[in-house]
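Please read the structure below before turning to the comments.
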Amino acid sequence: MTRRSRVAGMTRREALQGLGGAAATLGLSSGLAAPALAGSDVLRIGYVSPQTGSLAPFAESDPFMLQKVRAALASGLTVNGKTYEVEISEVDDQSNSDRAATSANRLINGEEVNLMLAQGASTAVPVSAQCEVAGVPCITTMDPWQGWMFPQGGDPAVGFEYVNHFFWGIEDIISTFIGMWDGQDTNKKVATVWSNDPPGKVFGSKDIGFPASLGAGGYEITDVGEFQVGADDFSAQITAFRNAGCDIVTGLFSPSEWAIFWRQAQQLGFKPKIATPAKALLFPAGIAALGNGGDGMSTEIWWTPAYPYKSTLTGQSSQELAGDYTATSGRPWTQPIGVVHALWELGINALKNAADPMDPDSVQDVIRNTNMTTIIGDIDFAGSPVKNVAKLKIAGGQWRLQPDGSYALKVTYNAAAPEVPIEDTFKLGVGI
Amino acid sequence: MEVLINGVFIGALYGLYGLGLALTLGLMRQINLAHGDFIVFSAYLTLQGSLLLGVHPLMVLPVVAVVMFVVGFVLQRLVIQRTLGRGEMPPILVTFGLSIILQNVMLELFSADTRNLNPGPLGAASIEIAGLSLGVLPLLTLVVAFAIFWATSAVFGSTKFGRAIRATSDSDQTAQLMGIKTSRIFAVAMGLTLAISAIAAGFYGMRGNFDPSTGPERMLFAFEAVILGGVGSIWGALAGGILLGLSQAAGSLINPSYGPLVGHLVFLVVLLALPGGLMSLRRRQ
C-alpha cells in the first residue's frame with residue numbers, strides 16, 4: 001500500500017540493498033529503517049488520503065499531484081544552505097478512518113516522517129490525533145474546520161501543539177448559500193436534508209448550522225429528519241417537500257446519493273426552483289450523472305481555473321494547472337485539485353523555511369506563522385482567530401449545460417472572495 | 001400514500017433478492033451465504049458490460065443473467081455438491097468462505113468506490129395515476145418481479161424439472177432410485193437462482209449505490225423476506241419482501257432514519273408470532 005519514491009541520489013538503504021541479496025535485504029531494511037534516520041539528510045513526508053472508497057473523488061488528482069511535487073523536489077530541498085533529499089510516502093486509507101489512524105501510526109513510528117500531510121473528511125481527524133500525540137507536525141484539509149477541531153476536543157482559543165488545518169467552516173458555506181438565494185424570486189421555503197454523520201450533524205446543528213441562520217434570514221425550513229449515509233430511498237422527504245411547496249432544496253449529499261435523490265424527486269414530481277446541495281456537485285462526474293437534469297443546479301466553489309492565483313511550487317496559474325491536469329489525465333479539472341495543491345504548497349513551505357527541518361518544533365513554528373498566497377488564494381494561519389486553523393475563501397456558482405451536452409461551472413457569487421471574477425448571473429429553474 | 005407505494009416497489013426488489021434464497025433454502029435445503037455478494041457481483045458485471053458496450057444496463061442484463069446461470073451451475077457442480085450429505089454445516093461454511101473471497105476479489109477488481117448503474121432518462125420518468133406521481137423505473141421493477149415470480153412458480157410447480165427438484169429435496173435417495181440425476185438437477189437450480197439474483201442486481205444497481213461491501217446487507221434483506229414469507233414458499237418471498245418494504249416506508253414516515261429499524265422490528269414480531277411466516281396463515285385455513 002505504501003509507495004516510496006526516491007527523489008534524489010541514492011539512499012543508504014538502497015546502497016545496502018545493492019550489496020546484499022534481495023532476500024537478505026527484506027530482513028535488513030526493516031531493521032535499519034529506524035536507526036538510519038538519525039543524522040541522515042533525508043526529509044520524509046507522509047501523505048494519507050482516500051484514494052479509493054466513498055471519498056475517492058476528493059483524491060482523484062493525487063497521482064498527478066504527487067508526480068508534480070516529486071518533479072519539483074527532484075533536486076532536493078535546500079534549507080539554510082543544506083540540501084536535503086525528500087522522500088514522500090503515500091498511503092491510501094480507502095476512505096476508512098480506522099485505516100487512516102493505523103497508516104498514520106505506521107508512518108510516524110515506522111517511517112519516522114518529519115511532516116505529515118493528509119486530506120479527507122474521514123482522514124483528517126484520525127491522522128491529526130496521532131500526530132498531536134506523537135509530536136509530528138501535521139497539516140490537514142478537506143473537512144470543515146469545526147468537524148476537525150471539535151471531535152479532537154479542541155478549543156478555538158487554545159488550539160493544538162503540532163497539528164494544523166485549513167479549510168472553510170460551516171459559517172462560510174451558510175453565508176454563501178444564503179447569499180446566493182437572497183434576492184431571488186422564491187417563496188423562501190427551504191427543504192433541508194442532512195446526512196446522519198458528523199459533517200451532517202454540523203450542517204443541521206441548531207446552534208451553528210443552517211437552521212439558526214435560515215431562520216434569521218427569514219426562510220421557512222421543512223426538514224423531516226436525517227438520512228442514513230448510503231440511503232437509497234428519499235420518498236418520505238421528497239413527498240413532504242413537495243407537499244410543503246418548497247422552492248429551494250439543500251442538503252449534504254455524496255454525488256451518488258444526490259443522483260438518487262434527484263431521480264426520485266423527478267419521479268415524485270418535486271420541482272424546486274433552486275437546488276443547492278453541498279458536496280455533491282463539486283465534481284463534473286456528479287453533475288454529468290444527472291443527464292440534462294442538472295442544468296442550473298448550484299454549489300459552493302473552493303477553486304476554479306478562473307481563480308487569479310499562481311502556484312508557489314510550479315509557478316503555474318490556476319488555468320495552467322487545470323489544463324495540465326486535463327492534458328495528463330484526460331479528465332476534466334475538479335475543485336479539490338486546487339486544495340490538494342495548496343496543501344503541498346503549505347507543507348513544502350514549512351520545511352523550506354524551518355530553522356531545522358528535522359526538528360518538529362521548528363517546522364511547526366513556521367506553519368503557525370504562515371501567511372501565504374497559494375493557488376487557492378491567501379492561507380493565513382498567523383492572523384486567524386481560530387488557533388491552528390486557516391480558512392479558505394469560498395464562492396458560489398451554477399452548473400450550466402453547454403450546447404455540446406457537457407457542463408460548465410460558472411461563478412455567480414463572490415461576496416466572500418471578491419478577487420474571484422463573477423462569470424454569470426444566477427438563473428432560477430433547475431433542469432430546464 | 002406515495003411513500004407507502006414506494007415501499008411496495010422496494011419490497012418487490014427485496015422479494016427478488018429473497019427468491020433466489022427461497023429456492024436454495026426451501027427447495028434444495030441448502031443455505032447460500034454468499035447470495036448477497038453474488039447480487040453485488042452481478043451488479044458489477046452489468047456495470048462493466050454497460051460501460052464497455054456503451055449501452056443501457058437493461059440491455060446487458062439478460063447476458064449477465066446467462067453468465068450467472070453458468071457460474072451457478074459450475075459452482076454447485078464443482079464446489080457445493082461435494083459438501084452435501086455431510087450434515088448442514090459444510091455448505092454453510094463453504095458459502096461463508098465464498099462470501100469473503102467474493103468481497104475481496106471485488107475489492108481488488110473494482111476498488112472500494114461506490115458505483116451505480118445509470119438508468120438514463122428512464123430513471124427520471126414518472127406517470128400520474130389517480131393524482132399520485134409514480135416513477136416508471138420502480139413500476140417496471142414491480143412488473144418484472146411479478147413476471148419472474150410467476151415464471152419461477154410455473155417452472156417449479158408444473159414442469160417435469162420442477163417435480164424432479166421437489167422430489168430431490170424431499171428425498172435425495174428415492175429420487176435417485178426413480179432415475180433422477182440429482183446432482184445435475186441441483187446444479188441447474190443453483191444456476192437459476194443466480195440468474196434471478198442477476199436480474200435483481202440490475203434493478204438494485206439502477207435504484208441505489210453498491211460497493212464490494214454491500215452484499216451482506218442484501219443478504220439480510222433477502223433472508224428477512226424469505227423468513228417473513230415462510231420458508232419453502234415461492235410467492236411467500238414476494239409477500240415477505242413487500243411487507244418488509246412497507247414496514248421500512250412506514251418507519252421512514254416517522255423519521256427517515258427509522259426506516260431500516262422498523263423493518264427489522266416487524267421481522268422480529270412476525271418471527272415471534274408466526275414462526276412459519278405469512279404463508280403459514282394460508283396453509284392453516
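Glycine residues also receive a Cβ, built from the backbone N, Cα and C atoms like all the rest.
Some features that TrEMBL has for this protein:
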{"type": "TRANSMEM", "residues": "B:6-26", "note": "transmembrane segment"}
{"type": "TRANSMEM", "residues": "B:61-80", "note": "transmembrane segment"}
{"type": "TRANSMEM", "residues": "B:92-112", "note": "transmembrane segment"}
{"type": "TRANSMEM", "residues": "B:132-156", "note": "transmembrane segment"}
{"type": "TRANSMEM", "residues": "B:185-205", "note": "transmembrane segment"}
{"type": "TRANSMEM", "residues": "B:225-246", "note": "transmembrane segment"}
{"type": "TRANSMEM", "residues": "B:258-278", "note": "transmembrane segment"}
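Residues 13, 16-17, 19-21, 23-24, 27-28, 32, 35, 38-43, 45-47, 57-58, 60-61, 64-77, 80-81, 84, 115-117, 137, 140-141, 144, 148, 152, 155, 161, 164-165, 168, 218 of the same chain, all 6+ positions outside the transmembrane segment (B:185-205), place their C-beta atoms under 8 angstroms from a C-beta of that stretch. Remote same-chain partners of the transmembrane segment (B:258-278), defined as residues 6 or more beyond its termini with a Cβ less than 8 Å from a stretch Cβ, comprise 224, 227-231, 233, 236, 239-240, 243-245, 247-252.
Counting residues 6+ beyond its ends, the transmembrane segment (B:132-156) has Cβ neighbours under 8 Å at 1-2, 5-6, 8-10, 12-13, 15-16, 19, 23, 27, 119, 122-123, 125-126, 162, 165-166, 192, 196, 199, 203, 206-207, 234-235, 237-238 in the same chain.
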